[in-house]
Amino acid sequence: MRSYSRRGTGHSLRRLYAPRYLSLSFLYSPPEDNCSQAATAVATENLDERSGWGVTAVGSRAVHLLAGCAATRRPELGAAMHSYDYLLILAFLVLVVLPAPLLGRFYYRVVEGERTWLSPVLRPVENICYRLSGIDPKVEQNWKAYLWALLAFNLAGFVLLFAMLLGQGALPLNPQQLPGLEWSLAFNTAMSFVTNTNWQSYSGEASLSYLSQMVGLTVQNFVSAATGITVLLAFCRGISRRSTENLGNFWTDMTRVTLYGLLPLCIVLALLLVWQGVPQSFAHYIDAVTLQGADQSLPMGPAASQIAIKQLGTNGGGFFGVNSAHPFENPTALSNLLQLVSILLIPAALVFTFGHYVKDMRQSRAIMACMLIMLLIGGAVSLWAEYQPNPALNIAGVEQTAPLEGKESRFGTTATVLWATATTAASNGSVNAMHDSLNPLTGMVALVNMMVGEVIFGGVGVGLNGMLLNVLIAVFLAGLMIGRTPEYLGKKLQATEIRLLVATLLVMPVGVLVLGAVAASLPGPLASVSNPGPHGFSQLLYAYTSATANNGSAFGGFSANTVFHNLMLSVAMFLGRFGYIVPVLALAGSLAMKKAAPQGINSFPTHGPLFVTLLTVTILLVGGLTFLPTLALGPIAEHLSLGF
C-alpha cells in the first residue's frame, strides 16, 4: 500500500475502501424552489483525490450550486448514535479516569525510590543499570546539569537512529532487503521519534526493516516518553521543594520511569494485542492471493511490542503505513478500545502524581476537571459534526446512513471520533481513520486540541507541564485583576518566572504561523497540498500544527516526503519539544530556590470551580485568539462553503 504522508495514507485508503461518490459532471443552475432538479445534474464517478468531499474540481460554481441548494433544503441527519455508542463512550471515560489516582500514586512512589510490589523483581535490575553506567542515584542535579544530561542523551539517540536508518540496507533483520532511507527522510524520522512526535513521511511496511522498527523506533518510543516524564518530575520538584537548587537526577529518573512506569504496562498491553491478532514475529512477508485472484503481500513483523509503547507513551507512530486503521495493527473492537484507553491512561495518572508531590490532591482534581471539560466539549462538537450527512449527497436526494467515508466500518463513526479527539488531545497522533476525510468541524477540533499546546492531557509528562504553565499564567492574570503579587502554592511569581512563561507562549505561534507561512508562500512546498481551497490550506496548517505540537497526525492528502518539508517539519518538531523543555527546567530551578509562604485567607484558591473556569478560559483565549484567523481560513471556511 503506497503512502503519501504521515500515518494518513488517505489516498491509498480511499482507493481501497471509499465508495463511489457523487460529483457534478456539468454545471447546472436549478430553480430556486426545486433543488430536486439539481440531482439531474449529478452523476456518479470516481472521487477526485484532490477533493475532500467528493466534488470534483469543476470550479467554484459547483460548490456554490450545492451551497445554494443547501440553503433551501437543509440536510437530514443520516445516522444516529445507538446504545452501543454511548456504552463505548462511558467505558472509555471510566477506564481512563478510575485507574488514574492509583496509577498516579504508584508513579510517585516509584520515582521517589519507595518500595512497591514490583521492587523485588525490578530493584536488582535497576541497581545493575546504575553499576554498569556509573550512576550514583543519590546524587542530585540542579536544573542546568539536569538539562545538559537530557540534551546529551537525546542527541546521542538522534545520531544513532539517524545512522541506523541510513545504513539499514547493510544491517540484519531485513528479510525484505529494504534499502536505507533517503537522507532528508532519515533526518526527519530520527528527529520525529526523538522528540516523541512520530511524524511519518513513509510507510513502515514498505520502508523499514525489522531492526529499524524494533531497535531504532521502539527504543526511541520508550526513551522519548521517559524523557517527557522526567521533565515533569523536575517541574513537580521545583514547585514543591523549598530553598534548594536540586531537582533530582536525570539518569535515575529515566531508569525508574522506564523500568517501573513503562515496561510493565507495555508487556501487558502487547500480550493482549497478540491475543487479539496483532502479529509479533520475524517471519518474511506472506504472499497471498485475494478473493479476486490478485497477488498480495501481507506484511509481518514485531508489531505488537511497538504498538504497545506507541499508545502508552503517546508516541503514535504506526508499525504499518495506515497506523491503527490497519487490520493487523488494530484488528478488533476490543483492541481498538484497549489502544484508545492507553492513549490517555498515563497522562491522566500523572495529574495525580503532581498532587502527591505538592501534598494537595485538590490541585490534581482541579486540573483533571479542566482537562475533562475541554475533552468532553471537543468530543461533543466532533460527534455532532461527524454525524452530519454529506451535503452533496443530501442535495442529490441520496439516502445516507452511517457517514463512513475514510473510516473503518468495523469501528464506526463514534469510535473514530473518540480516537481523533483523544489522539490530538494527548499529542499521541495515532489514527484509526483518515483525518483528511473528517468533516471540517471535526478537523477543527483536532486542530484546536493541538493549538492550545497539547495541554488537554497532552503527551506523557510534557502535557501536564503545559497545563501547569497555563496554571501559572492564570494565576498571574488573577493577580493582575485583584492587584496582588501572583503566587502559586505559596511561591511568588516574579519577573524571572514571567519572562520564562512568555517564552513558552511563543513556541506554538512561531512553529505554526511562521514556519507554516514560509511553506505556504513558496510554490515548491505548496505543491504538496493535494486539495484546492480551504481544505488544502487546512492540510498545510494541520501538518505544521501537528509537528510543532509533537503530535504527528496528518491530513493524508499532504505529501510531506520532500526535502523542504522533511527539514522544515524537523525544525518545527525540535522547536515544539525543546522550546518547552528548556524554559520549563529553568522555571523549575527558579521556583525550587524560593521559599513558600503559608497560604492564608487572602491567598487566591487554585482548586475550586472558579479557578477551573479561569484556567479553562485562559487556555482557550491564549490558544484561540492566536490561531482564530487561520482556523477561519481553513476548517471554518470549508464548513460554510459546503452548505452545512
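We count from 1, first residue shown onward.
Including glycine, each Cβ sits where the backbone N, Cα and C put it.
Per TrEMBL, the feature transmembrane segment maps to 86-108 (among others).
The feature transmembrane segment is assigned by TrEMBL to 145-166 (among others).
Among the features that TrEMBL reports, transmembrane segment is placed at 215-236 (among others). Note on the transmembrane segment (215-236): residues 111, 143, 146, 150, 153-154, 157, 161, 164-165, 193-196, 198, 208, 247-248, 250, 253-254, 257-258, 261-263, 266, 302, 305-306, 309-310, 312-315, 317, 350, 353-354, 357-358, 459-462, 464-465, 468, 581, 584-585, 587-588 of its chain, located 6 or more positions outside it, place their CB under 8 angstroms from a CB of the stretch.
As annotated by TrEMBL, transmembrane segment applies to 257-275 (among others).
Here TrEMBL flags 337-354 (among others) as transmembrane segment.
Residues or ranges marked as transmembrane segment in TrEMBL: 366-385 (among others).
As annotated by TrEMBL, transmembrane segment applies to 455-480 (among others). Note on the transmembrane segment (455-480): residues 196, 225, 227-233, 235, 239, 312-314, 344, 346-348, 350-351, 354, 367, 370-371, 374-375, 378, 422, 425-428, 449, 486-488, 493, 497-498, 501, 504-505, 550, 577, 580-581, 584, 587, 604, 606, 611, 614-615, 618-619, 622 of its chain, located 6 or more positions outside it, place their CB under 8 angstroms from a CB of the stretch.
Per TrEMBL, the feature transmembrane segment maps to 500-522 (among others).
Only residues 6 or more beyond the boundaries of the transmembrane segment (567-589), in the same chain, are considered here, and those with a CB under 8 A from a CB of the stretch are 142-144, 146-147, 150-151, 184, 187-188, 191-192, 195-197, 199, 201, 231, 234-235, 237-239, 245, 247, 462, 465-466, 469, 497, 500-501, 503-504, 506-508, 510-512, 515, 518-519, 525, 543-544, 547-550, 560. Residues or ranges marked as transmembrane segment by TrEMBL: 567-589 (among others).
Same-chain neighbours of the transmembrane segment (610-637): 366-367, 369-370, 373-374, 440-441, 443-444, 447-448, 451-453, 455, 470-471, 473-474, 477-478, 505, 508-509, 512-513, 516, 533-535, 537-538, 541, 604, counting only residues six or more beyond its ends whose CB sits under 8 Å from a CB of the stretch. Annotation source TrEMBL lists transmembrane segment at 610-637 (among others).
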Checklist line | Same-chain residues at least 6 beyond the ends of the transmembrane segment (366-385) whose Cβ lies under 8 Å from its Cβ atoms | finding: 81, 89, 97, 100, 348, 351-352, 354, 413-414, 417-418, 420-422, 425, 439-442, 445-446, 448-449, 452, 455-457, 464, 467-468, 471, 606-608, 611-612, 615-616, 619-620
